[in-house]
Amino acid sequence: MFNINHQLELSKRRTFAIISHPDAGKTTVTEKMLLLGKVIRTSGTIKARGNGKYAKSDWMNIEKKRGISITTSVMQFTYKNTLMNLLDTPGHEDFSEDTYRILTAVDCCLLIIDAAKGIEDRTKKLINVSRLHNTPVITFINKLDRDSREAIEILDEIEKELSLDCIPITWPISCGKNFKGICHIHDKIVNLYQKNIVKKINFNSFSSFLNEHSLKEYLGADLYTQLHEELKLAAYVYPKFSKKKFLKGDITPVLFGSALNNFGIDHILESLIKWAPSPIYRVTKTRKVEPEEKKFTGFVFKIQANMDLKHRDRIAFMRIVSGKYKKGIKLRHVRMKKDIIVSDAFSFLAGDRFSIEHAYPGDVIGIHNHGTIKIGDTFTEGEEIKFVGIPSFAPEVFRRIFLKNPLQQKKLKKGLSQLSEEGAIQVFRPMINNSLILGAIGILQFDVVIERLKIEYKIDAIYERVNISLARWIRSKNKKIISDFINKNKSYLALDISNQLIYLAPNKANLAVIKNIYNNIFFEKTREQ
């Protein structure tokens, strides 16, 4: 185990992801956190505008053009002597696989909910994934300055739809045009709301230990009475916060505010400092690895191609689990059974990166990837272990890709290989011909790949529909059975980027029949990286 200094570094780190249904305000919350962390001076306008300003966390050209988040941004900043490692996940559901992998690298989630819309479809899916790892969740009800539903109605919906017990920490004073602020339920501090100039941070607090008379005068008799009744009801209905239950993922503390107007963001950050865990252990195939351990371990959860278009580089994002990164450290690339010297790791602020001398558990560092690193790879100071829990998901939509210029075939294979490595798309090579089949979770992924091939690799390509509706990875310990299966079903089989065998079914009926015939073969929807 390490010394007191190492324990201090662990204690001041929080690694968390922001998750939400699209348009709930996730990217806005991210921007306002960066403002409070004093790493940017103004926030972007989130959607493409004529003045050329965009969200800092949306750094890819296509994100700026479309006004959506399609890739994970990693950002590190300090707030009140706490080092925050923030992972802003893709907002669009077509890029959910990237989000799932990111949740394996964090210790806490911040869930953003639109106060008018409440729980939406993607919200449920994200919470189910966080539950796989028992990741604790803090909830922020956003957009209180717009017309919204009653607070207690939203809390009831969270408990019913997400099976999470809510513990309101703050309580809204009305909403929409009448939104007056929030009250901290237990210490009775009131934060009065004033609409700030958009994109400008107001560091002056409106907190007031208001006495009964002045608060009643400010709110008016009716609203004052309503607030008192709601606070009494909340105190009666909802139990007090328990950090133990929170860390187990059984309850979620709930905060209210308006991210666009910088109201309530400081409460989120303070809650993360107070309740979110410092870096926790991770599981390998053989044992747990604790963050206090002396020797370095880490795993790659994301690869990004062409962060720097001038150099065509590929960056591997690594979550440090234990030990300490030091410039020039010798690391074991476990899957490749090779040792490497890492002298140029860096930290991130969305698309920007900065060289670092050292890093600790909970930190996300970037290292250069020359084509040998894959998502899920483990790095150690010599121990032969493998971190688990980073999945690939079977794609749900498929296309065949063609070149407008056949002479670019070599460039196309290279581009698709790199985009596949980072998880932007899945590439399959049929066993019976030389075509290339792309698989994705959603249609938008295909549009993004075509655009990235054009911008980053100077390749013009088009798609055609293909008679495939389902894909399943094939697994069996019996080599004879697999060999027989391949010989009889080659027209439905392909290899993925890792040379894993996959069955491409034209419809559900076909898959059901083949599974019934080969009931001693596993047809799997997910595959461990």
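Counting starts with 1 at the first residue shown.
For all residues, glycine too, the Cβ spot is worked out from N, Cα and C.
Residues or ranges marked as GTP binding site by Swiss-Prot: 20-27, 88-92, 142-145. The domain 'tr-type G' feature in Swiss-Prot is assigned to 11-280.
Known features from Swiss-Prot, placed on the structure.
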residue : record           : CB count, 10 Å
S20     : GTP binding site : 24
D23     : GTP binding site : 16
K26     : GTP binding site : 26
T89     : GTP binding site : 26
L144    : GTP binding site : 27
Three states by DSSP: which one describes T89 (GTP binding site)?
coil
Can you tell me whether DSSP puts S20 (GTP binding site) in helix, strand or coil?
strand
Tell me the coarse DSSP state (helix, strand, coil) of K26 (GTP binding site).
helix
